[in-house]
Amino acid sequence: MEKISKETAKRFGTLTVIAAWLAVFCLFGYRSSFSIMQKDLMGAMGWTSTQASLGYCFMMTFYAITAFFSGRLIDSRGTRPTYFIGAICCFLGFFLTSFIPEGAPFAFPVYLVTYGIFAGIGTGMLWVSSTISCRKWYVGAKYGSAWGLAFMGAPMAQLLLTIVISPVLKDAGWSVGMKILSVIMAVMLIVAALVAKPMPDKLEDEGGSPVKPFGFDSLPKKAASAKPARSWSLGEAFRTKALWLDIFAFMFAVMGEFLIWSQIVLFFANNFGWDKIFPMEGTPLLGTIPLGNLIYMLIGLAGIFAMPLTGKFSDNLVRKMGDERRARKIMLVIAPACGIIGCLLALTGNIPLVCLGMIILAIYWGIEPGGAAGYAGTVFGGASLGKIWGLATLIIMGIGPSFGTFMGAFLPNATGIQSSTLFFGMGAFVVSLLCGALLPTKVEE
């Protein structure tokens, strides 16, 4: 094993967070850009929202399958190879899709392959890599803050890509927008791969002992001594109530989340007529963006602050309670409650209340993903978390995002009621909240 000093360990931890930030930016860049481009893609191709969303569903299905294998790759080789594979496939997902001829009879099946499969594999290499690498380097009262900084890449992607892509869609169309996005993805993920560092369980300190993650000393003495000694098999992990409730809490949360992220701009346009552009004096760039897109950008803008603040809040809760598992459980109840409130406010059609709803949804976003992985980390430790969370992600992301996105597009078409989208999302958040409330704080080890 490579031996490193304390200073080097700090540098490796920081670089791990930077690489995770870049990966999260690209992962959520795919998600937010779909919401922005969906209407233009439908208009150019003559597709329904269900057809356009099916490509996104395919992407999430392959994302989930790939996430399982990426977890095993991380446990054995670290994050560098996953980020390199992600760079290639994320580039191809946008780049190849951009060349599909508008109106061609073969356009739809080709779209399912180029966008669904390539983008699915590419993004599938990013989620487990970013969450688990941060969890392996930071635990206890340090994890929330570290992940909060890394997860800032998600709202930054939503905000910046909306600003970049919206004018491009207006002036040059969706195809040029995808070509620009393909280059952004490739460059950022290559940088992530280059700065990625090994995990602490593959390193030794100068005394020859395994490198301990930051925050290890904040764990209770019993947990601190017990966790590194246990290596969980997949069978053992998946026989626990804790893992299945964590899976269901996260799965139903992302079912509602991805429904909102992928369909909210279209909901604003169809339900409230917020697809119009309102020129703004002194802000020529923002004056080219439809009102619905501007309100959608609020999630990203608020998320830039919500990610680190909710991370810091969760870490302070860990310190106050002296029990990380119990603290993560509480956060996994608060998160879907924010999702429910955000949906209710979005349904009002009152611009100030809708804007407040977007801010509250950003708070949900800052808590749920890292909280679910963090809770799993308190149960299973770091040594085998990659393969366990990889398989858990296969289940979560194989069902939640694709089903949520599909239902978000299908329900308005089937019922003619645009608000059915958000009511379904609220129902998913309610189930997530109930599962979070049932998470055990004691697990047999």
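In case you wondered, yes, glycine gets a Cβ from its N, Cα and C as well.
Automatic prediction, not curation, is the source of TrEMBL annotations.
Here the structure is a predicted model, which means the values were calculated and not measured.
Per TrEMBL, the features are as follows:
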| type | residues | note |
| --- | --- | --- |
| TRANSMEM | 12-30 | transmembrane segment |
| DOMAIN | 16-444 | domain 'Major facilitator superfamily (MFS) profile' |
| TRANSMEM | 50-70 | transmembrane segment |
| TRANSMEM | 82-100 | transmembrane segment |
| TRANSMEM | 106-128 | transmembrane segment |
| TRANSMEM | 149-169 | transmembrane segment |
| TRANSMEM | 175-196 | transmembrane segment |
| TRANSMEM | 243-269 | transmembrane segment |
| TRANSMEM | 289-311 | transmembrane segment |
| TRANSMEM | 332-365 | transmembrane segment |
| TRANSMEM | 388-410 | transmembrane segment |
| TRANSMEM | 422-439 | transmembrane segment |
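A Cβ distance under 8 Å defines the sequence-distant neighbours of the transmembrane segment (82-100), meaning residues of its chain 6+ beyond its ends; these are 19, 23, 26, 30, 59, 70, 73-74, 107, 110-111, 114-115, 118-123, 125-126, 128-129, 174-176, 178-179, 181-183, 185-186, 189-190, 192-193, 196. Contact between the transmembrane segment (388-410) and the transmembrane segment (289-311) is not supported: fewer than 3 Cβ pairs lie under 8 Å, counting only residues 6 or more apart in sequence. Model confidence over the domain 'Major facilitator superfamily (MFS) profile' (16-444) is summarised by a mean pLDDT of 88. Packing against the transmembrane segment (175-196) from elsewhere in the chain are residues 15-16, 18-20, 22-23, 25-26, 29-30, 33, 37, 40, 78-81, 83-84, 86-88, 90-95, 97-99, 122, 126, 133, 161, 164-165, 168-169: each is 6 or more residues past its ends and has a CB under 8 Å from a CB in it.
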